[in-house]
Amino acid sequence: MDFGFWLFQTLNALQLSMLLFLLSVGLTVIFGLMHFVNLAHGALYAVGAYVAATVAGTVGYWAGLITAPLVVAELGLLLYWLLIRRMRQSGPMAQVLVTFGLIFVLLDLTRIVWGDIALGIEVPQALAGRIEIGGVTYPVYRLFIIALGAAIFAALALVLARTQIGAMIRAGVDNDKMAACLGINVERLFLAVFCVGCGLAGLAGAVAAPILSVTPDMGLQILIPTLIVVVIGGLGSLWGAMAGSLIFGFVQTFGAVLLPGLASVLIYALLAAVLILRPAGMFPARG
Amino acid sequence: MKDKLIGVLAGLCAGGLAVQAAAEEIKVGLLLPYSGVYAALGNDIEAGFRLGLQTFAPETQASFAIVTEDTEVKPPVGLAKARKLVLDDQVDVIAGVVSSGVLGAIRDFVHGSGVPLIVANAGNDEATGEQCSPYITRMSFSNRQVNRPMGDWLHAQGVQKVFTIAPDYAAGRQMIGGFVEGFAAAGGDVVGQEYTPFQKTQDFGPYLAKAKASGADAVYAFYAGGEAISFVKQYDSFGLKAAMPLYGAGFLTSPLYVEAEGPAAEGVIAALHYVPTIDNPANAAFVAAYKAETGRMPSEYAVQGYDAARALVVASATGAADREGLARALAQVSFDGPRGTTAIDPATNNIVQPIYVYETVAGDGGLTQKVVAELPAEADPANGCTLSTTN
């Protein structure tokens, strides 16, 4: 258990965090902006992975990585027009039920389209293999996930802090009624954010596909970790999603190393602690 | 209590009816998961079962009718469906059951109502140990049976120190327990063990780093389905395969999903009761017929369904057609099938079969299984099962 071992585990934790960040950032901003709970977010991640696996099998990995977010964003658009728009005024309980039902609809649709047998795709040639950093050899593809997560975070942070649309989103999260009074079309803003969030879920699925197995229930498996990240980080905030992801990734990874018997309990204990001490999460978007 | 009474009464009535129907028709209830995480397994078992009936039915006077029910891999659902099959459909025999959890849930009902059950997958050791029943015959495998001989074999290959890893649930612990029993008895040393949260582990990186740091000669693993794919791919991506060869229970690289693992699975050596490349005439016929029917290679799940159907045919060929008679006849079944000589051990009603050590290698049309060794069939110890004394 030398320095190399800990560096290795730190990279593992970062990789898991970044994957969760891609998923949770969409969910949390949708949640923060419109108080809309989209439980089907995990199912969209699974669809992304399947689309990526299909395209990667015929055209190539990079085409899959680009196609998956676009297809899932389109799917988000479809869901918005068919369902979510009607559900906007119906209160959180109805929304939770509808999107919960949507999980199973999407799950069975993926089963019908792609079958029950798990799929897998190979890591692209350019990212295959391992490189040496600080005395440990680490898979290049995992470093790519870390870099991609960090890049998306930087891009979103920039858009939110420095652009007009970012200011509109922040205004919408802070006080949507006031934002609407000031002439911001909050509904259209919501649609845009919703599609981007869905696209990021699709991207996460495409990125995860080469290291995980692509199965119909992968969306269900990732949903709980994603919700934990959102709750720990605080609803609606980009920084919260990042902080929550990092906390989850590190607690999960180092929990597995240091307290293997408690690995699956630790994160729930932390969740309970956060809910008691800071019910709004670590970095809530509004005061 | 009331349910039980009704069950017994219904069982009696159905038994009476079945005697009259004797030579004509045996009604089979297939209790399998068609949704949930094991849906692919359920479909494979059903395909194998139907093929088995079709192939061997001419050997018996009886004809067969099949009713299918979906357990959804949920124990309460499995129990409700088992009741429906027995009480409403009045089946003469139930076959299937993939999850050990479902098997545990329906065990008492099946035992109490006296309906023979041919287990076509669930491998929990208790089902043919302390929980055994004259009505429950297992044509698949037991967790211990698949792994124990591998411990002995692996030590004989010069592996002194292993690190074991498996999901943290009953089957994972029984598989690893069986292996460790054999490996330790042969004089090997287990230098580290990890049990990962079942179906909650997506990233095996933290555990693989521990395996690497343990100084073991090799890693012995059990995973199945989606977890197996993630595990094998991640094991390879960290570059562990070259330094520490990966061994395991054969579900790790099952032909059902090994293509999804890709080159990462090459060189993994695992033990299983069936691979499609076993060299015997019965298997050649089975593989050809299964491929013609489904277009894919049969998995161990398919052969379990196929042999379950064959066991039923063999049992009914003795003249048994009612529940009681079929249960007795099933416990005597023995034949040379795709897995070699397969027989039911009357002491536990568990199958006795050879175990095959195989290596996953690149073949012409993708990955294939190269049989490295055939380990002799070994009956499980009775483990608290008292069938032989009560019979």
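Counting starts with 1 at the first residue shown.
Positions of Cβ are set from backbone N, Cα and C atoms, glycine also.
Values in this document were obtained by computation on a predicted structure and should not be read as measured data.
Here is what TrEMBL says about this protein:
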- A:12-36: transmembrane segment (TRANSMEM)
- A:43-62: transmembrane segment (TRANSMEM)
- A:68-84: transmembrane segment (TRANSMEM)
- A:96-114: transmembrane segment (TRANSMEM)
- A:140-161: transmembrane segment (TRANSMEM)
- A:189-212: transmembrane segment (TRANSMEM)
- A:218-242: transmembrane segment (TRANSMEM)
- A:254-277: transmembrane segment (TRANSMEM)
Could you name the stretch, out of A:12-36, A:68-84, A:96-114, A:218-242, A:254-277, with the greatest number of CB pairs under 8 A to the transmembrane segment (A:140-161)?
A:12-36
Stretch among A:12-36, A:43-62, A:68-84, A:189-212, A:218-242 sharing the most Cβ pairs under 8 Å with the transmembrane segment (A:96-114):
A:43-62
So, taking each listed stretch (A:12-36, A:43-62, A:68-84, A:254-277) in turn and counting its Cβ pairs to the transmembrane segment (A:189-212) that are under 8 angstroms, which one gives the highest count?
A:68-84
